[in-house]
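All remarks here apply to the structure that follows.
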Amino acid sequence: MANQFTDQEEIKCSFCGKTQDQVKKMIAGNGVYICNECVDLSKKIIDDELRADSVKTAIELPKPMEIKKQLDQYVIGQNRAKKVLSVAVYNHYKRISQMDFDSSTELQKSNIAMIGPTGSGKTYLAQTLARILNVPFAIADATTLTEAGYVGEDVENILLKLLQNADYDLERAQRGIIYIDEIDKISKKSENVSITRDVSGEGVQQSLLKILEGTIASVPPQGGRKHPQQEMIKIDTTNILFIVGGAFDGIEQIVKNRLGKKTIGFGAENDVDKIDADDWTRHLTTADLVKFGMIPEFIGRIPIITTLDNLSSEDLVRVLTEPKNALVKQYKKLLSLDGVDLKFTDGALKAIADLAIQRNMGARGLRTIIENSIMDIMYKTPSEKDIEAVEVTKDVIIRHAEPKVIRKKDKKESSKARVGANDN
């Protein structure tokens, strides 16, 4: 114990050489001694090294412009949303890297809400972010969630999905990203107080509050409620980034109604009618989300809100052709593995985009349309080795016509015909 030594020998610190009389405390070990001053110095050295490691981690984290540049390679349009997400995730992981050694200022989590129509890219943006940052990612559907004790899925099961996707690496899971889709579907059924329990609406919002803010959650490793005796896994959600998304059908009118009230009066010009389909998003406030049915406590834990626009026909054509993993590139690659050159005419691409818009599916509907259009070709080509090329036209998409098939023998006969004509 400190300061309890015999007078048989002079006690000195094994590190700095100072005697017991020169320091406040001397701690004895197995044949060695260390003074309080060396303990303080050692702690400072360790803290400095941890700080250096954390700074290095922060430096390796892609900057917002770099994150957006990578998003641009996969996601068409939605520039405003991509900027907001890039800044939010950068600040989130920068906050984590600073927490270990600097607690002078508490930085709050940057949970994000994405509001946009079906097929505008909400889920895909979240997935791409996780891939860029190389962190575990999980998707949950808010419509399957219910308050604890009722039939349905507990909110803790969302964390189990993340843990599973992290291969049960708890540390990695605790720095992952969770995307909760269809969040608008758990809005309150009514603004009025009801005597009946809203277990899939307000009740779920209440259940999500703690994990959104940061808590130690008990997660059943086998999921669900079928194994009540199973030992729980403790997951700290403090550093998990939550992104929620939904279409919020009807919120546009809530915004316009609020703006309209401000212009009512004699001689007042009502500019609400001048707001186009997407411009209303600039006027969206948290109060509008509360009016929609999200409880204030829930919105308070999601400080960053961004909106996504409807994708135009031109945008969807770009989605089909430009990204690294564009659908047209994927199908061309698939058929090329069977020695077939797949081509889409400009008219076909435009027809695919228009059909996705007509069906109100956005980018989400593109794959289904292509798949249905070339299903027979994908069925035949592995067996019919003489197929050299396939051309998909507008009629194939709209009228379900057969794609134009070019066979190797047809090409040879065409070549012979040209040679014969030249001989004559």
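Yeah, the Cβs are placed from backbone N, Cα and C, and that goes for glycine too.
Look at Swiss-Prot and you will find 1-54 tagged as domain 'ClpX-type ZB'.
Per Swiss-Prot, the feature Zn(2+) binding site maps to Cys13, Cys16, Cys35, Cys38. Remark: Cys16 (Zn(2+) binding site) has Cys35, Glu37, Cys38 as non-local neighbours, by Cβ distance under 8 Å and separation of at least 6 in sequence.
Secondary structure from DSSP puts Tyr124 (ATP binding site) in a helix. When Cβ atoms from all protein chains are considered, those within 10 Å of Tyr124 (ATP binding site) total 19, not counting its own. The ATP binding site feature in Swiss-Prot is assigned to Pro117, Thr118, Gly119, Ser120, Gly121, Lys122, Thr123, Tyr124.
For the pair Thr123 (ATP binding site) and Cys13 (Zn(2+) binding site), the Cα-Cα distance reads 60 Å. Neighbour counts were taken at the CB atom with a 10 A radius for the binding-site residues Pro117, Gly119, Gly121; the maximum falls on Gly121. Counting in whole angstrom, Gly121 (ATP binding site) lies 64 from Cys13 (Zn(2+) binding site) by their C-alpha atoms. On the 0 to 100 pLDDT scale, the domain 'ClpX-type ZB' (1-54) averages 78 in this prediction. Counted within 10 Å of its Cβ, the other Cβ atoms near Thr123 (ATP binding site) come to 16, all protein chains included.
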